[in-house]
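S.K.: Sharing a structure below in C-alpha cells format, with a few things to ask.
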C-alpha cells in the first residue's frame, strides 16, 4: 500500500510537470513573437509554468519517501505521454505514426520497469545514509560523474556547443544527485514524523544543500533546452536520460537490487 501510494503520487506529479513544460514553451513562443523579445522571467505565463513544475517536483520528492528510486523514476513516462498529447491539442503539433508507436513502447517498457522493480523496503536512517555516502562504489561513481560533467560544461561554455544531448546529459548527471538527496531527505522526514527523529544529524542538512544546489542548476540547463528545442524533443530525451541516470544512482547508492532475483533484474533491464 505504501509503494502504491508512491506510484500514484509520482504519476500525478509527472502529469503536472508535462503541463508545466508546455506552458513554459508557450511562454517562450509568445516572447519570441514580440518586436523586442524580453527575458522569460518577465512573463506571468512562464512563472505559472514554473509554479506547476515546482508543485510536480514536490510531489515527486514526496513519492521517493514511499517507494524505491527504480520504481518512481520510470514514471516520468506519464510526463512524456502527457506532453505529447498536450502539444498536439494546444501547440498544434502533428502526431505521427512513429510517435504513437514510441508512446506504446514507452508505456510497455515502463510497465515492466514498475512490475519488476525491487520490492525490498528499507528504513533509511541518517546513519545508513552516512554509510552509503562514504562507500567506495558511490565515491567512484561520483568522481566519474564530476569528470563527465566538467567535460560537457567545457564544451557548453567554451566551445558554445548547445546540442540538445549535451544540455540534457548535464541535466541527467545533476538529476542523479538530486534523486539521491531527495530520497534521503524524504525518508528521514518520514521517519522523524513517525517518532524516530533523524533531523538532528548533519547528513540531513548536507543532503538538503545537495538537493537544492543540484536542482537549481538542473532547472537552468533544462530551461535552456526548452528555449532552444521543441518540447516534443526535450521531454522524451530528458525522460530517457533522467530514468537511466536515476536508476543507476539508486542501484549504486542505495543498493536497491542487492537481493533481487536474476529474472527480475533481466526483465527490469529489458523494460
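Backbone N, Cα and C atoms are what each Cβ position is placed from, and that goes for glycine too.
Quantities reported herein were computed from a predicted structural model and do not represent experimental measurements.
Sharing the record's features from TrEMBL:
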TRANSMEM  6-24  transmembrane segment
TRANSMEM  45-63  transmembrane segment
TRANSMEM  69-91  transmembrane segment
TRANSMEM  98-116  transmembrane segment
TRANSMEM  136-156  transmembrane segment
TRANSMEM  163-191  transmembrane segment
TRANSMEM  203-222  transmembrane segment
TRANSMEM  234-254  transmembrane segment
S.K.: Give the nonlocal contacts of the transmembrane segment (136-156) in its own chain as ranges (CB under 8 Å, at least six residues past its ends).
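M.R.: Apart from its flanks, the transmembrane segment (136-156) reaches 162, 166-167, 169-170, 173-174, 176-177, 248-249, 252-253.
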S.K.: When only pairs 6 or more apart in sequence are counted, do the transmembrane segment (163-191) and the transmembrane segment (6-24) reach 3 or more Cβ pairs under 8 Å?
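M.R.: Contact criterion not met.
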S.K.: If I count Cβ-Cβ pairs under 8 A between the transmembrane segment (69-91) and each of 6-24, 98-116, 203-222, 234-254, which range comes out on top?
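M.R.: That would be 6-24.
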S.K.: Return the stretch with the most CB pairs under 8 A relative to the transmembrane segment (45-63), choosing among 6-24, 98-116, 203-222.
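M.R.: Answer is 6-24, with the largest number of Cβ pairs below 8 Å.
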S.K.: Other than its close neighbours in sequence, what residues sit by the transmembrane segment (203-222), given a CB gap under 8 Å and a spacing of at least six beyond its ends?
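M.R.: Beyond its ends, the transmembrane segment (203-222) has Cβ neighbours at 53, 57, 126, 129-130, 133, 167-168, 170-171, 174-175, 177-178, 180-182, 184-185, 188, 234, 238.
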